[in-house]
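According to TrEMBL, the protein has these features:
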DOMAIN    196-271  domain 'DUF3447'
REPEAT    310-342  repeat 'ANK'
REPEAT    343-375  repeat 'ANK'
REPEAT    409-441  repeat 'ANK'
REPEAT    442-474  repeat 'ANK'
REPEAT    475-507  repeat 'ANK'
REPEAT    525-557  repeat 'ANK'
REPEAT    657-689  repeat 'ANK'
REPEAT    690-722  repeat 'ANK'
REPEAT    723-755  repeat 'ANK'
REPEAT    789-821  repeat 'ANK'
REPEAT    921-955  repeat 'ANK'
REPEAT    956-988  repeat 'ANK'
TRANSMEM  1076-1098  transmembrane segment
Amino acid sequence: MERDIYGELMDTCHDYNGVINKIYNLNTFDFKEINIIYDEIRANFIEANKFLPNQIFDILENASLYNNRYLPSYWSIIKKVYQEFNIDRTKEKSSIFDYFFYKDLGVVFNQNDIKKFKCYDSRKISLEIYEENTMGRAIMNDDKQSFVSFTERDGFDIMQRMINDFYPFSSKGYSLLELCCYHGSVKCFKFLREQFQPEITKKCLKLSFLSGVPDLMNECLRYQVPTQKCMKYAIISHNIDFVSFLIREYNLQIDLRECCEYNNLHAFLIYLDQTKDINKCFPYAAMFNSQCLMEHLLSHGAKINSKTEERDSALHLSVKSNHSQMVEFLLSHGINVNKENINGDTSLHLASKCKNIQTVKTLIAHGSKINSKNKNKETPLHLATLNNNIEIVNFLIDNGANVNLMTNESQTVLHNAAMNNNIEFVENFIELGANVNAQNDQKVTALHYAAINNNVTIAELLIMHGADINLYDKNHESALHYAVFNNSKEVVELLFSYNLDIQNKSETNSYIQQEIDINSRNLNYGCCPLHLAAWMNNKEIAEILLSQGANINARTIDGKIPLHFAALHQFNDTAEFLIMHGADINAKDKSGRTPLHYAILLQNFETAKLLISPGADINISDNDKVTPHYIAFVNNYTEFVKYLDEHGVNLNCKSLCGRTAIHRATINNNNEFINIIISNGGDINAYDESGKTALIYACIYDNIEIAKFLILSGATINNSDDEKKTALYYAIINKNIQMINLLLSHNANFNIPLYLGKTYLQLAVEQNNLEIIELLLSNGVNINEKDEKGRTALFYAATLGNDSVIGYLYSHGAFINEQDLTSSTALHAAASNDSVTPARFLILNGIEINAQNFDGNTALHISSNKNFTAMAELLLLNGVNVNLRNNEGCSALHYAVLNNSQEMVQLLLSHGADINLRDNLERTPLHYISFRDKNVSQMITLLLSHSADINARDDQGKAIIHYAAQLGYLDVVECLISQGADVNIVDYEGKTSLHILANYNAKNCCKFLISHRADIKAKTYDGKTALHFAVGKFYYDDSTEKLLIFQGADINEKDFHGITPRYLTRHRRSDCFCNVLMWSLCILIIVGFIAFIFWLCYKK
């Protein structure tokens, strides 16, 4: 746009910009200055027909949200507008200023707001925003001294966030630093940053553009980069320098919709000047309601039907903004009146929403389609009906609006009218032929809505004009269900008054019979109307339903009757009413629970008494065998327990897990309940499904007082549970000395065998508790008694490595050389757990150090196998036979080599271990190296340095090099050869290591052996060379056979059966071809079968 045009527009809009800037930048409390601003608003906006008084209210409210320090000044202007122009806000969206109308002027625009106003009263909402001597007031006034005093108080939280209705909405509220930025409080801001270093957030930056304090903005810009939200706040601030700064320095764009929303015409014109996009600006320009501006744009080529990104035309936005004169201006210039926006709304749709009858008339007069539908298939009549606008609805109807058109949800205008309780609309629509039985996509009718709202007049109108009272929604709920659930008693009575006698308002004026299905159930829960009446605690409706034949014991899907609902929701009056009318007090739902179960579960004592008085079964069990009495016990409901006991409850009823009341009382540590049970004949020795008695549970939960009480009341002490565990067992497990003393003092039998035949003394040893051991021994426990494994207490003490317990047991006569069923002694047990100190004690006290267990292992074998060096050293120093062999012929040295433990090997060799001792398979310790593939070179060197025979052969004639070759351990093979192993040594089949490696196609190993003079022509005892083995098996890689041939192997060399490697090669290829052919044929058959199946399916 040319500069003179921009300047001309700025001149044209000078008054508009000036007044708007004064509104958004209001900074005075002076009444004279406020009056001057009001006079300018009245003259330039209201009297000039730029804005309606209600629109001025909206502008002032919007501006106050971003400049709330001057809220009292905004209120003064709003009050003047109201008093002079009599603002009517009865149909407007609720505002915080409505509260001040109520508080200051006693005016209530909407009675529904009264509850909210009382809430504001309790919160002490005022125009001052913050009370005196508060932190918020200190920040608002930038009172650093006062603010510092708040930060020095106990409990000050730098992370606190404030939420207040007078600030722009923020779900997380505002931090103290963000509030400083909003109010431009530089002193408080700097203090916070210096003392507490709070984070400068993105919100801090955008709010700093609102307050416009340079120091704050510059500090925030050091830590945050401006975003489009900063541009929004710059637009709101009406400081055009900030807008220009963000465009110039950060390439941010002006949002035209925000310019309109916050009345910033200056920013709008800058966008127009910079972009020259006149057609993008044109629709938005309409929102400023300036015909001069629109004429300028049109004269410079703007297209009248230009659209926004949301496809709104200037006409759409004018209608939304309620600018009637602009609407007429645009229509006079030929704008398309039926153009749709992104939601499919025409201008008439929007006018019907905005309740502007004059605009509606204007649009229709200019050809607006009265029955046009938006994307939700809503017509203007739908929207006007939803907004309860009588004038617009009547005008639309008078001009041919169709009352039976449906939305995407199949909602008619009659639905909307009934939903909004608008009797006049309902009458009009019915007279115009609206289908009274029309159902929306949830199958809901207008009668359903009338039932929800308890609107008898609408309901009767609908029924009198043929509404079917038995139509069901998708959940199979009729109008009766809706009326009952919404406590619409009058509608319920109305429905039954027309039951069986409803006049059909058809042309024949005949009568039809409609009988309400009073027991019909919905789909969700299977509730009939009587269930819903009980659910809503409506005794009066329940009485009506019963008088009309409702089944008092009707069941839901999960088997509940109405009485269950009354008990569940603790509705005593309704419960009593249902009982008096014959409800089954013992009815069970699908979980087996009766109303009494639920009454006790929810601690509803009154309902429980109401049920028990007429004979509810107090011993009835649910599917888990839980009785009402059991529920009371489990939850420690003393009042219920006593009351049920007075009414003859069966105290020995068992739950699904077999527990009786005395079990639960014990578990809950409730002495009072236990006393009640025992005094009323409860079985004190009852056991549950795991065989546990109350006394056992007392010991499990360490309830010493209850245990005493049970014992004194006759509880059997020596009962065992299903795991052969007694009360004494659990007392020992819990290390409860007091409980153990109690049980032993009442003759607890410590000779009863426990699980696996363990003794109580062994159990005490496992708990590592010397005090319990002393206590048991003092009561005569047999110290050498064995369990089913033949183990004594001393054996377990050695296993656990407790030398003090071992010493105590030995000093009290424990046999030191006792063996278990595997012939293991306590020394074996100590060695298995590397318990050196206990082992030393046992050795010093004469235990057999060379004792062998069932496998022939000594303690030294075990120590060597587990690599317990300290234990092995102790045994060796005390004379253990280092070369003793076990049942497999292995010595300790075999195991040490197997574990590759050089330290253990050196220790054993230093104490005379035989390095060439052979096991039952004639293998020396050196053979065992071949079972490891890594880091064995040092072990080989160590053994050979102690004269190990590197070429020793086992019972198959195999030396260590054979095994290493067989396992493919090249590193081991290299190490052995470097140490002098015979590369051509043969086993009892005549195989060398080269034969073995060729058989496994180990090319690299073969190459290495050949380079170390392996005999490539050596034959086994049946005449086979290494080449026979290489070609005898199929491998994809034939590199080994090529290597052997290259090194001089004869491909025609015959074995003792006359077979050459050449023959084996041809035979292998033939086998390979046959295998490939066979697999290909199989795949072909499978593919053909699948194709045949698909063909059959296609034919069908």
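Glycine is no exception: its Cβ is also placed from the backbone N, Cα and C atoms.
Residues 756-757, 759, 761-762, 764-766, 768, 770, 773-774, 777, 783, 827, 829-830, 832-835, 837-839, 841-842, 845-848, 851, 853-854 of the same chain sit 6 or more residues outside the repeat 'ANK' (789-821) yet have a Cβ under 8 Å from a Cβ within it. Note on the repeat 'ANK' (690-722): DSSP counts are 16 helix, 1 strand, 16 coil.
Summarised by DSSP class, the composition of the repeat 'ANK' (789-821) is 17 helix, 0 strand, 16 coil.
Residues 49, 52, 55, 260, 282-287, 289, 291, 294, 298, 304, 348, 350-351, 354, 356, 358-359, 362-363, 366-369, 372, 374 of the same chain, all 6+ positions outside the repeat 'ANK' (310-342), place their C-beta atoms under 8 angstroms from a C-beta of that stretch. For the repeat 'ANK' (343-375), the number of residues in each DSSP class (helix H, G, I; strand E, B; coil) is 17 helix, 0 strand, 16 coil.
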